[in-house]
Amino acid sequence: MIQRGCKSPLRCIVKLGGAAITCKNELESINMETLKSVCAQLREAMAGSTNSSPGSVPSMDWSTQMGYAAVSLAEEFKDGRALDLVSNFIVVHGAGSFGHFQASTSGVHKGGLHLPLVKAGFVATRISVTSLNLEIVRALAREGIPSVGMPPFSCGWSTNGRNVASADVSHVIKAVDSGFVPILHGDAVLDELLDCTILSGDVIIRHLSHELMPNYVVFLTDVLGVYDRPPTDPDAILLRKIDITAVDEDGTWSIMKPCLQLKKLGVKITVAAHDTTGGMETKIAEAAMIAKLGINVYITKAGTPHSLRALRGEVGDDAPDDWLGTARHHLF
């Protein structure tokens, strides 16, 4: 596999689903329990050894935030062990209960910056999503992960008809090569045709995957994977393995496990009314395009033993029966 850009092969791009790390029904509310669990798992995956114990982790969040103790910088960082991580990961997170309300209320995703409501909504959306980005960076920093927030708008990402038109990934590459973990997110951006729109985290991951060719990609969601219908349906079936063919440009896919007599259009997807990025439907399409590049993609529930195994890269080409999630492979 050809590596583009980074000095060392990029190990993994992680998508933190907005529905997993926020409380969907509470405006701008973070699911701290899940976020803390995900951050701990990311550190464990970066530590490399499956036998290592997290122990006491020195925090990199040195701000005076209520509830967090001050750090003793000299003692905790003088020997360098606190930075002993293989940090060639990139994290992209969704917005969840942040940003979507502001964007859908103002119509930012439809464009039209000449309209006062759209311009105000653009600002409000970015305030919301960047505030979530800061809290995720802080949560990772408290686990000793050297994270840096990289909002796409601020880093020069833009679109043309909602397709990525400009994305200077050199900023991301430099951050990774310097030992940092870049934290990107879905963002309001400028669009050459529409004036503005919403660039989803899933689209960002597809572009980064094409440019940087990670070993694997992990989508962490609030459910165990892709189902043949909404997972709230009692008859919903978890699709364990999906193979991507190279027949069509749209990444035609077929269900390999379980052996169901289903076609692509037979899988029913629902999207929340306030979701301006397409929800699970966009996730499936973007994951298919990533798999077409020859990169294995895993979709599983955040904060579970299954997500830890995926982050460590232990699932492999043939997902074991005791791993619950959806594996997508390219069928050559």
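Every residue, even glycine, has its Cβ placed from backbone N, Cα and C.
TrEMBL annotations: computationally assigned, not manually curated.
Residues or ranges marked as site 'Transition state stabilizer' by TrEMBL: LYS24.
The average pLDDT for the domain 'Aspartate/glutamate/uridylate kinase' (74-300) in the predicted structure is 84. According to TrEMBL, the domain 'Aspartate/glutamate/uridylate kinase' annotation covers 74-300.
Annotation source TrEMBL lists substrate binding site at ALA95, HIS100.
Residues or ranges marked as ATP binding site by TrEMBL: GLY96, GLY201, ASP222, GLY279, LYS283. Sequence-distant neighbours of ASP222 (ATP binding site): residues of the same chain at least 6 apart with a C-beta under 8 Å from its C-beta are GLY17, ALA19, ALA20, LYS24, LYS301, ALA302.
Neighbour count (other Cβ atoms within 10 Å of the Cβ, all protein chains): 17 for LYS24 (site 'Transition state stabilizer'). HIS100 (substrate binding site) has a Cβ environment of 28 other Cβ atoms inside 10 Å. Here the Cα atom of GLY201 (ATP binding site) is found 8 Å from that of ALA95 (substrate binding site).
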